[in-house]
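Enquirer: First the structure, which I've put down as structure tokens, then a few questions once you've had a look.
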Amino acid sequence: MTQVAMLGTGIMGAAMARNLLRAGHRVAVWNRTAARAEPLAADGAAVAGSPAEAVDGAEVVITMLKDGETALAVMTDAAPSLRSGQVWAQMGTVGLGSLGRLAAFAAERGLTFVDAPVQGTKQPAEQGKLLVLAAGPQDARTVLAPVFDTVGARTLWLDESGASGAGTRLKLAAVSYAISLTSVVAESVALATGLGLDPALLGEVLTGGPLDSVYLQTKMKAMIEGDFEPSFAVRNAETNTRLIHEAAESAKIRVDVNDAVGERFRRAIEQGHGDEDMAATYRASFPT
């Protein structure tokens, strides 16, 4: 079994850590807000007081953090215990602008850097059914296989170099679809409601047709019932719209829908819905 350090135990990191523990891996966890990491002790995790303590002796270091700047800061804090040859799997959505700095940090310290963001939210994370979008050298794949096979249903290897950002590039394209679709559903449900209709009628129109999907049904149900327990929070979705915009700008691509969606998420945050599921963007259709 593999000795793993999990840096970041939010919704995704905690679920991934639990699956690793159930599979028999040895896992040390750390989170800046310690209360988010401490419950994992009951699952068998070693709860570390610092990033350096968490990575000490680890074969694989996983960062599951909100952005690249945070990942770099945490790994800098971990530096005293990092050793040449450790595999660092960056599994959060960090954006292309930060990726070069993360790869350079890894190279300076002799770490094997793997860019491996995951596609999926709370439920697939809990079920170990994430899709891992990975880029990294062949020797790291052997080390990471039992880890990725535990947290994910499938790993898609895209490139031999983590510094290429192939995983992050594909993740940004995929998450662009998910967050834009969520906002489209939100506006449709809000429009039906605002026009005096039972929004459930919208479901009757779409169910079973070419536009139907499990995702549509899940988000529509959440909006109609007002159930915004977070699988992927509005605040994190808004961060992703900015990362998508930056990546698109570097590629000279317009992302008009993404930019409008970002504005919508910011409005939802201003209304107090930042920590709710991104389905709460539905609320942004109505005046406060």
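All positions are counted from 1 along the displayed chain.
Heads up, the Cβ atoms here are built off N, Cα and C, so glycines get one too.
Annotations in TrEMBL come from automatic prediction, not curation.
Keep in mind the model is a prediction, meaning the values are calculated, not measured.
As listed in TrEMBL for this protein:
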type	residues	note
ACT_SITE	Lys171	active site
DOMAIN	3-157	domain '6-phosphogluconate dehydrogenase NADP-binding'
DOMAIN	165-284	domain '3-hydroxyisobutyrate dehydrogenase-like NAD-binding'
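Can you tell me where each of these features sits in the structure?
Expert: Of all the Cβ atoms in the protein chains shown, 26 others lie within 10 Å of the Cβ of Lys171 (active site).
Confidence in the domain '6-phosphogluconate dehydrogenase NADP-binding' (3-157), given as mean pLDDT, stands at 98.
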